[in-house]
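As written in Swiss-Prot, here are the features:
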{"type": "ACT_SITE", "residues": "C273", "note": "active site"}
{"type": "BINDING", "residues": "R81, Y220, G221, G222, S271, N386, S387, R388", "note": "substrate binding site"}
{"type": "BINDING", "residues": "K229, H249, D296", "note": "Mn(2+) binding site"}
{"type": "BINDING", "residues": "A272, C273, G274, K275, T276, N277, R388, R419, F514, G515, E516, N517", "note": "GTP binding site"}
Amino acid sequence: MTSATIPGLDTAPTKHQGLLAWVQEVAELTQPDRVVFADGSDEEYERLCAHLVEAGTFQKLNPEKQPNSYLALSDPSDVARVESRTFICTEREIDAGPTNNWMDPAEMRGIMTDLYRGSMRGRTLYVVPFCMGPLDAEDPKLGVEITDSEYVVVSMRTMTRMGRAALDKLGDDGFFVKALHSIGAPLEPGQKDVPWPCNDTKYITHFPETREIWSFGSGYGGNALLGKKCYSLRIASAMAHDEGWLAEHMLILKLISPENKAYFIAAAFPSACGKTNLAMLQPTIEGWRAETVGDDIAWMRFGKDGRLYATNPEFGFFGVAPGTNWSSNPNAMKTIAAGNTVFTNVAKTDDGDVWWEGLEGDPQHLIDWKGNDWTPESGEKAAHPNSRYCTPISQCPTLAPEWDDPQGVPISAILFGGRRKTTVPLITEARDWQHGVFIGATLGSEQTAAAEGKVGTVRRDPMAMLPFLGYNVGDYFAHWINVGKNADESKLPKVFFVNWFRRGDDGRFLWPGFGENSRVLKWAVERIEHKADGKSTPIGIVPTAADLDLEGLDVDPADVDEALAVKPEEWRAELPLIEEWFEFVGEKLPTGLKDEFDALKERLG
């Protein structure tokens with residue numbers, strides 16, 4: 001089939017020659033039945049959802065329980081990001097660095113071009129223009145995803161500013177990131193489709209130097225919604241390195257004091273460390289309030305006033321469902337309850353509602369994520385551990401009015417945090433920016449699921465970016481240091497290291513966490529205002545229990561002391577682990593971080 005015979009190619013709603021040429025090239029390669037430019041309208045969304053219901057991909061949920069919401073159950077082989085099939089293809093291997101899978105770009109293009117050949121036969125090729133961050137930003141970052149998945153089109157409408165407005169912003173010659181996606185499941189004439197088409201062969205490939213993403217074989221989440229981690233972190237981190245800004249795996253929170261002063265905080269935590277819960281915090285201390293700017297990604301650059309400003313480039317939440325409930329995260333539950341949600345791989349109740357592990361209620365019968373009958377005796381989880389809700393951010397009851405500000409919000413503090421049973425205190429303040437970079441660069445978190453390796457072993461996850469770096473980790477650390485060097489030191493955010501997960505000898509959590517974490521954040525903002533004390537320790541400045549506002553908190557004071565304790569012998573045991581990590585980073589490790597390591601060693605004696 002030539003381009004002349006592919007319906008929809010000749011009626012494109014754009015004069016952008018670069019875009020048109022690319023769409024034609026992809027259509028000739030992948031051989032779809034038709035080409036459709038997504039416009040992002042309500043009518044299109046409803047039409048595609050109805051099509052997905054008809055195809056068996058979506059089940060419409062009970063509108064009284066979940067208004068205008070749907071459930072999708074994926075193929076059991078296609079349930080999560082696949083780090084082993086994720087590649088960074090730079091011209092030189094060293095530019096991808098030791099934390100990434102690398103292949104020569106020409107070789108990868110050859111392999112994937114063969115896979116794409118005819119891969120959309122029997123399907124529709126959708127052209128999905130989108131903008132990361134506000135459309136009226138000074139330097140809007142645009143992308144176009146080509147996909148053969150309706151699930152992707154409807155999800156991209158929730159997760160990004162997608163459709164006609166983004167296409168108009170592109171104009172006739174604007175730059176955009178090319179994001180090509182195919183599930184790799186062509187249909188022969190008369191062949192019956194399956195509810196969740198995908199391919200056993202999977203590649204999620206990034207070409208940072210040409211700002212391109214090629215994904216094949218997966219219809220799921222971050223592998224297929226290419227604005228998510230692929231663009232907003234892997235490609236954007238490379239763009240940020242070249243252009244002098246930061247693209248980070250961070251929530252953005254607005255904390256408001258009783259005096260009505262607002263502080264914006266960015267925080268990087270690895271998965272399963274409570275990022276979304278903190279982003280939607282409900283403070284437990286009198287007079288303090290919190291609002292949400294973002295729960296996953298922060299793009300940060302310096303404003304004209306010399307302060308660091310952050311933007312959430314996303315338009316929705318793509319949250320992990322299990323563990324989310326009315327006590328751990330009431331604001332997430334209210335956001336979901338407003339409707340317009342696509343759930344993936346959660347369980348379904350007999351009355352057409354959804355359920356997952358950790359949710360209130362004690363169902364006696366469900367249809368599980370594999371589509372099978374489930375009872376409490378089944379002996380396996382009803383919802384997949386990585387099951388998701390995809391919901392518009394505009395429905396969040398605590399959404400900060402500044403969330404859509406094209407200038408972003410000025411950041412007062414950056415938090416790094418992981419899940420550590422021992423060693424790391426509840427909160428530590430870095431001595432200065434470079435020391436803060438050292439803290440982020442050595443961030444470790446205990447594995448939480450047996451599948452990821454031995455439970456309890458500490459995996460280094462620098463700035464919580466290990467799976468998301470678009471270039472060499474050593475160059476990334478150097479970039480962070482340079483960002484600080486090129487700034488007015490007095491205007492840089494303070495950096496803190498937090499650990500909500502420290503345990504006592506008997507294995508219980510020493511700190512209650514969740515809304516009580518507002519007490520820890522209060523100390524951080526009081527440090528910014530020079531109103532709170534802390535004691536200097538070998539690892540940084542740590543509060544005593546007396547420095548924290550513990551009024552009305554029902555916790556044993558000895559537990560708080562233990563949560564804040566700095567034990568030199570535990571830190572001395574940490575040193576060889578940090579050294580091993582730095583050796584892995586290799587020759588590109590900045591001298592500044594070696595200096596910080598030597599200074600820590602010396603302070604520990």
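Including glycine, each Cβ sits where the backbone N, Cα and C put it.
Everything Swiss-Prot records as a feature, shown here on the structure.
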| residue | record | DSSP (3 states) |
| --- | --- | --- |
| G222 | substrate binding site | helix |
| K229 | Mn(2+) binding site | helix |
| H249 | Mn(2+) binding site | coil |
| S271 | substrate binding site | coil |
| T276 | GTP binding site | helix |
| N386 | substrate binding site | coil |
| E516 | GTP binding site | helix |
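Annotated substrate site R81, Y220, G221, G222, S271, N386, S387, R388; additional same-chain residues within 8 Å of its Cβ mean position, judged by their own Cβ, are V79, A80, F318, V320, T344. The binding-site residues examined here are D296, E516; by Cβ neighbour count within 10 Å, the least packed of them is E516.
Checked against F514 (GTP binding site), the recorded positions G221, G222, K229, S271, C273 differ in C-alpha distance, with C273 being the nearest. Contacts of S271 (substrate binding site) defined by a Cβ separation under 8 A and a same-chain sequence distance of 6+ are given as V320, in order along the sequence. Checking Cα-Cα distances from K229 (Mn(2+) binding site) against the binding-site residues (A272, T276, S387) with a 10 Å cut-off leaves nothing; none qualify. The Mn(2+) site is defined by K229, H249, D296, and by the 8 Å test on Cβ atoms against their centroid, the other residues of the chain that qualify are K228, S232, L233, I297, F468. Within the same chain, residues at least 6 positions away in sequence whose Cβ sits under 8 Å from that of R388 (substrate binding site) are G221, F318, G319, V320, A321, F343, T344, N345. Of all the recorded positions in the list Y220, H249, C273, D296, S387, the shortest Cα-Cα distance to E516 (GTP binding site) is found for C273. Farthest C-alpha pair in the substrate-binding residues R81, Y220, G221, G222, S271, N386, S387, R388: 17 Å apart. Its Cβ placed at the centre, G222 (substrate binding site) has 24 other Cβ atoms within 10 Å. Comparing the binding-site residues R81, K229, H249 on other C-beta atoms within 10 angstroms of each C-beta gives the minimum for R81. Sorting the binding-site residues T276, S387 by the number of other Cβ atoms within 10 Å puts S387 first.
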